[in-house]
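Engineer: Take this structure, written in structure tokens, and hold onto it; I'll ask about it next.
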Amino acid sequence: MGCNRNCGLVAGAVIGAVLAVFGGILMPVGDMLIEKTIKKEVVLEEGTIAFKNWVKTGTDVYRQFWIFDVQNPDEVTVNSSKIKVKQRGPYTYRVRYLAKENITQDPETHTVSFLQPNGAIFEPSLSVGTEDDTFTILNLAVAAAPQLYPNTFMQGILNSFIKKSKSSMFQNRTLKELLWGYTDPFLNLVPYPITTTIGVFYPYNNTADGIYKVFNGKDDISKVAIIDTYKGRKNLSYWSSYCDLINGTDAASFPPFVEKTRVLQFFSSDICRSIYAVFAAEINLKGIPVYRFILPSFAFASPFQNPDNHCFCTEKIVSKNCTLYGVLDIGKCKEGKPVYISLPHFLHASPEIAELIEGLSPNEEEHSTYLDVEPITGFTLQFAQRMQINILVKPAKNIVALKDLKHNYLVPILWLNETATIGDEKAEIFRNQVTGKINLLGLIEMILMSVGAVMFIAFTISYCACRLKNAK
């Protein structure tokens, strides 16, 4: 009887020890299996989960616009007063709904090249008005003319066309015209072969962005989705060759196994450069743990603070010899037009930049850029990329519409928020296929180790107690 009891206790302790050891072994083995599966499925090749969602996103992507409607155009033109603006929006379009085209795999370089077609569909239900809503905005052609043609003789010729077309510093345009293009009356009179259609995003519809060539991750998963070349170049030749401007991915995904210490770099053709985001917080997105990365204010710092921005300061007077921060000059990749980008409402910008603009209210929560990245796969499940487009206007004594100005104005035209969030159905699939299985494996590991440890300790104590009792 004593032997049977002792044998049973020993057997129980052994079983507990085996369970605990098995649970411990399952941890590295399970992690290895997860890593192997993830590395297989995030490769950008036919048949993987990543490739299917990469070719055509299954999540609706929206681009929201807020237009800065000028309230006092005559005061500014005549008296060089502060510009009073009123934000109107959002006006929402669905974008990035078209599948990538001309997808070509290169097995020798382990890259895949493609074109990204552009298209925008207006979403009335997500907008405050229609595409026919009218705004008083800066006259884009008049503002750019003296900076594109600084020669006095040329400005005199252009001025005659501006006067004849009755153009002024400001104009009234519909949303559709402002964004996607209109025939400018001043440019239409110029008897030279120039583009007479102008718009903030003209041309856009029925065009394509690229060619992009990105690494597919087949040979090195740490490079998956990272851009190798854009339009055949590793750097944009608008700036000098030492400006390393094409880095990272397109922000739709990043190499897997993202750590909090990683700096996420991503390229945007809209701003002609790569930019980066840093870890800010862990959040729960529809039951999926994600890391939130934010665009730091340092990304828009002056070249003295952030040498990476030396390429984006070409105008020395307005920028006070490149000491101001918060705006980037991208004119060189916009055919010389005086275009500057910033965060909305000049968030994190030098106070001097917005001195001549009234009606702005920078807000970190509404105007910052963030990416919510699932750390195991590297997939971006939610994002908000926010940017403001501004035009530099200078006094020009040879241009009648600008001759009374006494200040240099950095005029905000609009700001946009390109955003997307994984849908409920996609989130459920992701939980079932990725996070759910990983959590289940972790739960099994913990149960085996916990139950095994408890059994081993309990049966060992019972066995020792039984032996002690028998000895007495």
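Cβ atoms are placed via backbone N, Cα and C, with glycine included.
Sharing the feature lines straight out of TrEMBL:
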| type | residues | note |
| --- | --- | --- |
| TRANSMEM | 7-29 | transmembrane segment |
| DISULFID | C243-C311 | disulfide bond |
| DISULFID | C272-C333 | disulfide bond |
| DISULFID | C313-C322 | disulfide bond |
| TRANSMEM | 440-466 | transmembrane segment |
| SITE | Y463 | site 'Critical for TLR4-TLR6 dimerization and signaling' |
| CROSSLNK | K469 | ubiquitin cross-link |
| CROSSLNK | K472 | ubiquitin cross-link |
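A description of the local structural setting of each listed feature is requested, covering burial, neighbours and distances.
Structural biologist: Other Cβ atoms within 10 Å of the Cβ of C313 (disulfide bond), summed over all protein chains shown, number 20.
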Engineer: Starting from the Cβ of C311 (disulfide bond), draw a 10 Å sphere and report how many other Cβ atoms land inside it.
Structural biologist: 23
Engineer: Quick check for the class: what is the C-alpha distance, in angstrom and rounded, between C313 (disulfide bond) and C333 (disulfide bond)?
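Structural biologist: Taking the Cα atoms only, C313 (disulfide bond) lies 13 Å from C333 (disulfide bond).
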Engineer: Inside 10 Å of the Cβ of C272 (disulfide bond), count up the other Cβ atoms and send me the figure.
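Structural biologist: Other Cβ atoms within 10 Å of C272 (disulfide bond): 23.
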Engineer: I want to check the contact list for C322 (disulfide bond): same chain, sequence separation of six or more, C-beta distance under 8 angstroms. What comes out?
Structural biologist: S302, P303, F304, H310, C313, K316
